[in-house]
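**Q** The structure is given below, and queries will be raised subsequently.
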């Protein structure tokens, strides 16, 4: 029961009629003068104390249902500070009425001391259960939507584990039974399958990401997957735009000298984009790096340049400018077919343009033309940019050098724009080869030849054995080991799977091809021991026993010889050695050999350095017909089946 106490003390004359004192009996109220005098003195003292202290109004809550019982430990004795404040009948009745109303609104007993007005405000502001529920839901939603910082978990390295084990063992020296011996658990490799592709090892890296070898588990076809992360694409200027442009261009191209785009898919939960291409074993740059002389033979360079021009002719017919032709972007398929790749900076020329005018400069500095790096033109021809890059690529393949080389980038640009082209001195180049290089490296793009002019050049139309897939190219195809990184994944899928069901990352069961064929193939290759240590890309170990172009002291232009034999003094023994090459030894355009050429070769060459050919006696007749294709007779069925890649007849 709640109610405000009186703020002022009544007079002595009103006290007998309005107040009930605890000492009053039920029969009546004492009216003696002594009592009145005592009450009057008490009231006077109380008024003085209240005037001095001036306390705030007090609220005395009294419960009418409370049954006082002295046995419970209660006491009604007067307070030590003075008699209790008197209570009137009106105050008690009002408190009882308010208590009844409070019970109807909110049942329960509540006792408090404070201002009555404040209590009413608290009752008015009290939240209903529905409001409390809404406030709780709002707070939970705010906590759930609060951004949280992502911290990378600490790397559990071998050194960290050893340190922890050492500390634990030192702390438990008193009990040898608790000693911990750490031995790493060799978990079996699990087959990684994403979007129907079994993933192998890395076969290449680049500025946009890395390339891995994969196998289509439904067709057992080797593919190459280019993996690009969202974060790296955002950091590269125009990274996303270049990727979208590459996808749109490759989807419209279909040529044997252009790498084929198989599929593109995106995994937002991993933050990666995947581009699936046809598989290639390496690049022209790998072939150059494998040679100790860092160059290729003239015949190999001609065969590669031949297919490069066919690919550029197709691109330019589709109004596409690659703008980044270089040996690293010329891939080699398993049959040594050249395929142009990396269309990240390629540009689609507008259909309504009469020329290949471009304004956006991209590419590798050493392969860029003067109009792009020297800054003396407002625009440039995208088709002529590809021809300049093709000329630098040809120069690099035949000599192992670049036409313009400087250590500082600005000096390189200045050299490209001002210095004349100098022919390499470490190799002997024919006049036709020098002429086509000079024309391709013409600093004026208006007079620089286009792809049609290059394909009509005499050196381009010259025949080489390498053009027919012979020579060193055929030797690589016949004796080389193909890069293969899928053996651990295949072994984990078929040999380690057992009777368990293989699931992809989404938990779906994979329908695999019959494993018996794959198991027999794996068993065969495992017995031969040729799949375990193969690298991901072409290297010197890919072609065991292959004779490369060795770099000699003072590697200068070799003397010409009708038989194709290069006699060079050896640094150790001084004996003449035949230039290392293939069985047919194509080092230049094969001239018409005179009679008795074979006997001269056998007499001059050292027996231990010569690669014997069992059919060398038939070589003059074959070489005699090789340069002139128009004199061939009617071809048989087998000739049509095994015809060369460059022969369209």
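Glycine too: its Cβ is placed from the backbone N, Cα and C atoms.
As annotated in Swiss-Prot:
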ACT_SITE  324  active site, proton acceptor
BINDING   203, 204, 205, 206, 207, 208, 209, 210, 211, 226  ATP binding site
COMPBIAS  1-11  compositional bias 'Polar residues'
COMPBIAS  45-55  compositional bias 'Basic and acidic residues'
COMPBIAS  64-77  compositional bias 'Acidic residues'
COMPBIAS  117-129  compositional bias 'Acidic residues'
COMPBIAS  597-609  compositional bias 'Low complexity'
DOMAIN    197-460  domain 'Protein kinase'
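Show me how these features fit into the structure around them.
**A** A C-beta separation below 8 Å, combined with a sequence spacing of at least six in one chain, links residue 324 (active site, proton acceptor) to 342, 344, 345, 346, 362, 363, 364, 367, 389.
Residue 209 (ATP binding site) falls within a strand when secondary structure is assigned with DSSP. In sequence order, 226, 227, 228, 229, 232 are the residues near residue 209 (ATP binding site), counting only same-chain partners six or more apart with C-beta under 8 A.
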**Q** Would you give the longest CA-CA distance, in whole angstrom, between residues of 203, 204, 205, 206, 207, 208, 209, 210, 211, 226, the set recorded as binding ATP?
**A** 14
**Q** DSSP on residue 203 (ATP binding site), three-state: which is it?
**A** strand
**Q** When you measure from the Cβ of residue 207 (ATP binding site), how many other Cβ atoms are you left with inside 10 Å?
**A** 9
